[in-house]
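Read through the structure below, which is laid out as structure tokens, and then see the notes.
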Amino acid sequence: MRVSCPELTARKGGEPIVCLTAYTAPMAQLLDPHVDLLMVGDSLGMVLYGFDSTLPVTMDMMIAHGAAVRRGSQHACIVIDLPFGSYQESAEQAYRNAVRMMQETGCSAVKMEGGRDLAPTVEFFVKRGIPVMGHVGLMPQSVNVQGGYRARGRATDEAAAVMADAIAISEAGAFAIVVEGVMEQLAEAITARVAAPTIGIGASAGCDGQVLVVDDMLGLFSSFRPRFVKRYAELGETVSEAAQAYAADVRSRRFPGPEHIFGSIKKSS
Ligand SMILES: Nc1nc(=O)c2c([nH]1)NC[C@@H]1CN(c3ccc(C(=O)N[C@@H](CCC(=O)O)C(=O)O)cc3)CN21
Ligand SMILES: CC(C)C(=O)C(=O)O
Ligand SMILES: [Mg+2]
């Protein structure tokens, strides 16, 4: 049985919720036994497609990758980001896009970035059968309004605003909330105050769970190294070294060797 959204909500205050992003079927297959939740993040626009923000990501991209992750996993709860522009206009627009996302991918829930202004949309979804993961604090889809990817809540007025956002999204019925790029004190205060479990990224161990972009923690997306990313592997270096060794082998005709070829032609009978 796949992990359900209510099961994750029930983990509030208990064993931390383990979450990673995944964008492809083979990566989902590798991560699935070890995590509670696989997040198909719109960060794929930056990590896989080379965009300099998540804004160019489309519904079609999220659906293609969401369906792939679903095919590659059996156990984890699957949550897909609704991309920029697909939900901000109205609750009705958001709901239509979320229904399409669920029908075409088989995912369990969707995630949307937003605070108090988004609470009516969250309530609209939950009343109509779609579990919602919230996302407050640093919201990458608002990079042009924020003027960069800066941590939120350094000053008390901004901290109060993020707290009010988290409370509104939790009270609207979100089953969990991503809290991104906030001070430890604020993450702890939000986690203590809201009913929904908090999933932190750059938000300290004071949250009910953690998420990282998998390519960041594997050292595959090497250009990105903010302080909240812990490197658990250096796969970027492994890939470079493998490519270099292959190139040298091809140029020197060391590859392919006798063990890599189909043998000799036999005389027809
Ligand atoms: N690969 C990847 N990993 C992520 O964690 C991620 C993405 N992509 N794309 C979408 C957003 C963007 N994110 C970011 C990007 C940069 C900082 C960062 O470097 N912040 C610094 C300096 C910012 C500044 O002052 O301009 C900080 O101190 O907060 C944080 C989160 C997190 N998300
Ligand atoms: C890291 C998570 C929170 C995300 O929104 C993404 O990967 O797009
Ligand atoms: Mg995202």
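Each Cβ is built from the backbone N, Cα and C atoms, and glycine gets one as well.
Pulled from TrEMBL:
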ACT_SITE  GLU180  active site, proton acceptor
BINDING   ASP42, SER43, ASP81, LYS111  3-methyl-2-oxobutanoate binding site
BINDING   ASP42, ASP81, GLU113  Mg(2+) binding site
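Features per TrEMBL, on structure.
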residue: ASP42; record: 3-methyl-2-oxobutanoate binding site; CB count, 10 Å: 29
residue: SER43; record: 3-methyl-2-oxobutanoate binding site; CB count, 10 Å: 21
residue: ASP81; record: 3-methyl-2-oxobutanoate binding site; CB count, 10 Å: 30
residue: LYS111; record: 3-methyl-2-oxobutanoate binding site; CB count, 10 Å: 24
residue: GLU113; record: Mg(2+) binding site; CB count, 10 Å: 23
residue: GLU180; record: active site, proton acceptor; CB count, 10 Å: 24
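Checked against ligand 1, the binding-site residues ASP42, SER43, LYS111, GLU113 give SER43 in sequence order as having a Cβ less than 6 Å away from one of its atoms. In this structure, the recorded positions that sit close to ligand 3, with a C-beta under 6 angstroms from any of its atoms, are ASP42, ASP81, chosen from ASP42, ASP81, LYS111, GLU113, GLU180.
With respect to ligand 2, the binding-site residues ASP42, SER43, ASP81, GLU113 contribute ASP42, SER43, ASP81 as residues with a C-beta closer than 6 angstroms to one of its atoms, given in sequence order. The maximal spread of the 3-methyl-2-oxobutanoate binding site, taken as the longest Cα to Cα distance among ASP42, SER43, ASP81, LYS111, is 13 Å.
Counting only the Cα atoms, the space from ASP42 (3-methyl-2-oxobutanoate binding site) to GLU113 (Mg(2+) binding site) is about 11 angstrom. Mapped onto three states, the DSSP output places GLU113 (Mg(2+) binding site) in coil.
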